[in-house]
Every structure is written in C-alpha cells, then in structure tokens.
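According to Swiss-Prot, the protein carries these features:
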{"type": "TRANSMEM", "residues": "61-84", "note": "transmembrane segment"}
{"type": "TRANSMEM", "residues": "147-170", "note": "transmembrane segment"}
{"type": "TRANSMEM", "residues": "186-210", "note": "transmembrane segment"}
{"type": "TRANSMEM", "residues": "282-300", "note": "transmembrane segment"}
{"type": "TRANSMEM", "residues": "337-360", "note": "transmembrane segment"}
{"type": "TRANSMEM", "residues": "376-402", "note": "transmembrane segment"}
{"type": "TRANSMEM", "residues": "424-446", "note": "transmembrane segment"}
{"type": "TRANSMEM", "residues": "522-540", "note": "transmembrane segment"}
{"type": "BINDING", "residues": "Cys564, Cys573", "note": "[4Fe-4S] cluster binding site"}
{"type": "TRANSMEM", "residues": "580-601", "note": "transmembrane segment"}
{"type": "TRANSMEM", "residues": "655-677", "note": "transmembrane segment"}
{"type": "BINDING", "residues": "His666", "note": "chlorophyll a' binding site"}
{"type": "BINDING", "residues": "Met674, Tyr682", "note": "chlorophyll a binding site"}
{"type": "BINDING", "residues": "Trp683", "note": "phylloquinone binding site"}
{"type": "TRANSMEM", "residues": "715-721", "note": "transmembrane segment"}
Amino acid sequence: VKIVVERDPIKTSFEKWAKPGHFSRTLAKGPNTTTWIWNLHADAHDFDSHTNDLEEISRKVFSAHFGQLAIILIWLSGMYFHGARFSNYEAWLSDPTRIKPSAQVVWPIVGQEILNGDVGGGFRGIQITSGFFQIWRASGITSELQLYCTAIGALIFAALMLFAGWFHYHKAAPKLAWFQDVESMLNHHLAGLLGLGSLSWAGHQVHVSLPINQLLDAGVDPKEIPLPHEFISNRDLVAQLYPSFAKGLTPFFALNWSEYSEFLTFRGGLNPVTGGLWLTDTAHHHLAIAILFLIAGHMYRTNWGIGHSLKEILEAHKGPFTGEGHKGIYEILTTSWHAQLALNLAMLGSLTIVVAHHMYSMPPYPYLAIDYGTQLSLFTHHMWIRGFLIVGAAAHAAIFMVRDYDPTIQYNNLLDRVLRHRDAIVSHLNWACIFLGFHSFGLYIHNDTMSALGRPQDMFSDTAIQLQPIFAQWIQNTHASAPSSTAPGAAASTSLTWGGGDLLAVGGKVALLPIPLGTADFLVHHIHAFTIHVTVLILLKGVLFARSSRLIPDKANLGFRFPCDGPGRGGTCQVSAWDHVFLGLFWMYNAISVVIFHFSWKMQSDVWGSISDRGVVTHITGGNFAQSSITINGWLRDFLWAQASQVIQSYGSSLSAYGLFFLGAHFVWAFSLMFLFSGRGYWQELIESIVWAHNKLKVAPAIQPRALSIVQGRAVGVAHY
C-alpha cells in the first residue's frame, strides 16, 4: 500500500462562497423564480450532481466528514460547558437519589423563569433527561472544573478536525485508489478505531473510573477523592482499593490473569448501590472487545502477501443454487458510496435498536435506572435515530440503483437474482402485511366488542382466553437460568428483566425487576410486526423497482425523484424511488409511535414505581397494562388520555414548557397536513392572483413567485409531520 495524495489540488478561496449555486451551471445564473432557493438547498450537498469524477466526489465526502466531526465536538463541548457552568452536577454527585440533574437555568425574560423548578439541593433550573450526569459519574468526573477542561479540550479537537477537513481537500487530497483500498481501511478502522478505541476506554476505566466510582459508592465525599491524574501516576492509591495492582504487569506476562479479577469481573446483574451495571464488568467487556478488534484488524491482506482479500472472499461466496453468488459485489462497494452507505446505515440502524433496549434492561451508568424521565428519553431517542437510519438505508440503496447500478456487470449474481424475482418478494411481503394487519388489529377489535357487550370471559386476556408469548417466555427463562447452567462463571444473569432474580431498589425507587410478558404484550408485539413489515414493504419495493417496473420500464432514465412520468401518462405519479422513501417515512413514524407507547406504558405499569420500607412496590400506573392495553379503548382512555391530560393541565407550573411543546408539536403536525392534503395547482392559481394584484400596484418582484413543486411540497410536509 502506497499512500498516494495529490498536493495542492484546489486552491483555497472564498470567492465561490460569494456565488450561490456555483456548483451548478443553471443555478449559478441566479434566480428567475422562487424555485431557485429550493433547488439550491436540494442540490448543494448532492455531490453526484456537481461532477461525475468519483475521485472528486470521494474527496468532498471525506472532507465533509471532518466538518461533521467538528460540529459534533462543538456540540459536545457545549454540553460539557453547561455541566461546568450552569449545572448542579457536584450537588447531584453527593446525593444522586434525591437531587435531580439540571444543567440549564432560564433567564428571567417575560416571566419564563417559572420554568426553573426546584430540583433539590437549593438549585432552581430545568431538569435534564439526557443522561449526561450519569455518564460523567461513570467516567470518573468529580468536579465542574474537570467538565470545564473537557469542554475546552473538545473545542481544540473541533479546531483540529476543521483543519483536517481543509487540509485533506486543499493541501493533500487522497487519490481514488486510497479510498478504494478496502483491506487497509478495514485493518485501520478495526484495529485503530474499534480496537485501540476500546482499549483506551478500558484503560481509562481501570485507572480512573473504577477507583473513583468505588470511593463514591462507599459514600466518600467527591471533594476528598484524589484527582484523576493522581490515580494514574500513583499506583499505591489504586492498590489500596485493588491490591493486585501492586503486582503490576507480572501476572499479565506470567498468564496468571485471574489475579486481576478484582477489577476485571464477570458478575452479571447490577450494582445494588447505583442500580447500574458493575463498572468492573464493563471494563472487562471493553478490554475483551479491544482484543477481538485488534486481532480483527490484522486479518486483511495489504503489503505482506498474507491475510484475506475481500474480492476473493466475495467471489468465492456462492452456494449450489445462487448462480454467480457475490461476484460483482466488490466492484459495487468500491465504486458506489451510496451502496456502501446503504449497508452501513442498515446495520447501524439495527444496532441502534439493540442499544435502545440495552439502556433500560442493562443500565450502563450509575443511577440511570432510577431516573425514569431519562430512561424514557434515551429509549425514544434511540428509536427515532434507528428509524431515520433504516429509512436512510433504503433511500441510498434506491439512489445506488438509479445512479450507480450497471446491469451489464451484474449478471446472475445474488443482486441480479433478487431483482429478477422481485415480484415474488414484494407480493409475499404484501401478503404478510395483510395477514399481520388483519390478525393483530382483529384481536383488538374482538376484545373491544366483547368488552362493550359485557363478556369479559370471551376476551383475549391473561384472565380469560390466554395468548401467552410462550417463545418469548422461553427465551427469558433460558437467560434467567444461565448463571446456574450455561454460564457457571457469572454470579447473576445479564439482565434482571429476564426473571428469576429479585427486584432491585435504589433510594426507594425501583431500578429494575423481572418484566412479566403476557397476552397484552403478545397483542402489541403483533402490531409491531405489522408496522415494521409495512415499512419494509414500502422501502424494499422502492429499491427493487427503482430502475424499472411494468408501469414505467424506463424509470432509471427519469432519475431518483420525479413527480409523474410526463403528460399523457395518467396514473404514473408518486412512483419514483423518492416517493417510496416519502411514504416509508410515515410508516416508520407509525411503527415508532406504537413502540414508544408500548415501552412507556409497560414500564410505568410493571416496572417503575416506589417501594415502601416493608418492601411493597407501588407502580406508577398500578400494573394496569395487562388488562387495559388489550383493547383499543384501553389505549385511548388509560394511556393516551390519562397521560396527556397531565401535560395539558401543566400550564402555569414549572412543567408548562412541556405542555407548550405538546401543544406546539401538535400545531406543527397539523401544519404539515396543509402541505400533504393540497394540490400544487391550487397554490399556483392563488399565487398568480396575488402577483396580478402586485402588478396593478406596480410592486411586483423581479423574482417570480412560484408554488412549491410536488416533490418539494411533499418534502416540507413529511418533515413537519
């Protein structure tokens, strides 16, 4: 591998910035109509449309990534700065069960200071639900000064990233061959980012986080705990907490690794003081991950003729019934960044769902489990992110099909074979959606009807006709019994939610307990299956028919987004790949809503609550999920209305901001319908009347007003929706 760069390829100049639309011949001429500003935004980052040169496109994307990292670091710096300057972090650290986290104080302008509630410890501010305090505690931050230093450090890193983005586009821009060298990239990303990244975090946890958290858990005042660098430079300090530290690296080289089991543990379960995972378990986990990825980062063939070649692996990958197998896929992934991105988004989206579920079932940070608002926010956040990632995967897969797919190279490989039997795939998926839709909804309708007729004995419920999720219960059971059977080394199962164990309470609140699954969960899980399958149907159909269909055989020539196939072809509107993404987004929202409703209600009903001195648990909604959520009426009455009414009645209290957001969000949603339920022609006619009036008064603008195009109107609508 030779690192090939081109020196000074493009001179640095701000002249182009002064010329809006410099990237397109038509846009650079300036505006004739108001459509110009929309096209400017739509195409500014569509590098494919600026040039066909893959090397130039790759350099722009690469450079933009540094800019993205800079923005992320600036944002993070702001979070840490708020923690340093406007928060009650030190107070929270000394009493995390009674004091609520706050890092924002509203200034007294037009009475807004009503939003500053009493969060405890003599601090008035807005309670935050981002989980930052819990992360800071887990990483061993004990003072606001440390947060301040970290914030400054992040800004310095952001500046470095901005410099790197400029440098690698203007001063030393990589050649195309460098972007296409997948083996070298895999080695560096696996060993460097994931391997050394995990190793350095594990090192930080062992040397800084663990001793500090050990002392905090024991009730030592944060101000008396030695500073982080003292633990690193003075081994005796750590050795007082973990005696094996005194032996240094001898046990490591002597292969007596069990000596280190004081701070690299395999306990399972949660720390009873904090309600979070044992940080000694997570340190061990990151060390193990680091080893795996450091090995993985040495598996691919570069300068020395050993290791895997990705092209060889893909081309050897064929079964008896799969034609040419993965032949041609290597060429796709090295010449189409859309294809590459689609795969990565799909996998990252799936991973994000896993993260969402682990945040509550295995709370990774101290005191996260008893901060219910934060738990709910983190779940919601990761679910939304996952939705955008998965829809984005379909969008870029479709763009790949339209712009980058070359049917002459892809013959009888797996991609070609999937495309050739797409009718079978889509019609089967359609059948699955119909089946799931009628059956899942039908179970609810049956229950609503029986409930209305006063026949509870004929309902599907845990107390009448049971539909127990036996497979899910079996999975729960195998995991709950693992410590005594398949995982003899672990002291407890991976999560309290599996069952078997007792509940864990921290500060009089339930941190976690075994989550029972019953008929109500069985019903709502089939709604999940339904909404997810419909989302997949819409998105996959968009990808499989992006280039051609029986209706429009030459769809590839029309591009990724087009409103209709021209005059004289009725019934061809809303058929572009873009429109499938547009429709898929609505079902993604649908799916997420049901997921978040299910999670919110289930946790409040069966998990979250307070515990008395006698050990009696009182759940927030009193365990009403199992009997109430089995009818549509129950969802409307006992969840949506019961919970919304609290928000609606919040005006005039410190919670009023949430009531206003609630109102405002519904307002924005209703506003979206104006774009979605109206025709373009209506607005064009209206605009022309208004322009006529302006002409009469001789105040007509030079730039002609035009209604949004059909696609633009839909984009604005779906964004507000």
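For all residues, glycine too, the Cβ spot is worked out from N, Cα and C.
Here the features listed in Swiss-Prot are painted onto the structure.
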{"residue": "Cys564", "record": "[4Fe-4S] cluster binding site", "DSSP class": "coil"}
{"residue": "Cys573", "record": "[4Fe-4S] cluster binding site", "DSSP class": "coil"}
{"residue": "His666", "record": "chlorophyll a' binding site", "DSSP class": "helix"}
{"residue": "Met674", "record": "chlorophyll a binding site", "DSSP class": "helix"}
{"residue": "Tyr682", "record": "chlorophyll a binding site", "DSSP class": "helix"}
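Among the binding-site residues listed here, namely Cys564, Cys573, His666, Trp683, Trp683 has its C-alpha nearest to that of Met674 (chlorophyll a binding site). Around Met674 (chlorophyll a binding site), taking its Cβ as the centre, 12 other Cβ atoms fall within 10 Å, counting all chains. In this structure, the C-alpha atom of Tyr682 (chlorophyll a binding site) lies 17 angstrom from that of Cys573 ([4Fe-4S] cluster binding site).
When the Cα atoms are compared, Cys564 ([4Fe-4S] cluster binding site) and Trp683 (phylloquinone binding site) turn out to be 18 Å apart. Figure note: comparing Cβ neighbours within 10 Å for the binding-site residues Cys564, Cys573, the maximum is reached by Cys564. Residues 57-58, 61, 368-369, 375, 378-379, 382-383, 385-387, 389-390, 392-397, 399-400, 403-404, 512, 603 of the same chain lie 6 or more positions beyond the ends of the transmembrane segment (337-360) yet place their CB under 8 Å from a CB of it.
Long-range contacts of the transmembrane segment (282-300) within the same chain: residues 182-184, 186-192, 194-199, 201-202, 205-206, 209-210, 263-266, 307-310, 364, each at least 6 residues beyond the stretch ends and with a Cβ under 8 Å from a Cβ of the stretch. Taking CA atoms as the reference points, His666 (chlorophyll a' binding site) and the residue listed as 'phylloquinone binding site' are 24 Å apart. Here the Cα atom of the residue listed as 'phylloquinone binding site' is found 19 Å from that of Cys573 ([4Fe-4S] cluster binding site). In this view, Trp683 (phylloquinone binding site) is surrounded by 16 other Cβ atoms within 10 Å of its Cβ, with every protein chain counted. Tertiary neighbourhood of the transmembrane segment (61-84): same-chain residues 45, 47, 103-104, 130, 132-133, 136, 144-145, 147-148, 150-152, 154-155, 157-159, 161-162, 164-166, 168-169, 174, 179, 337, selected by CB-CB distance under 8 Å and a gap of 6+ residues from either end.
Counting every protein chain shown, the Cβ of His666 (chlorophyll a' binding site) has 10 other Cβ atoms within 10 Å.
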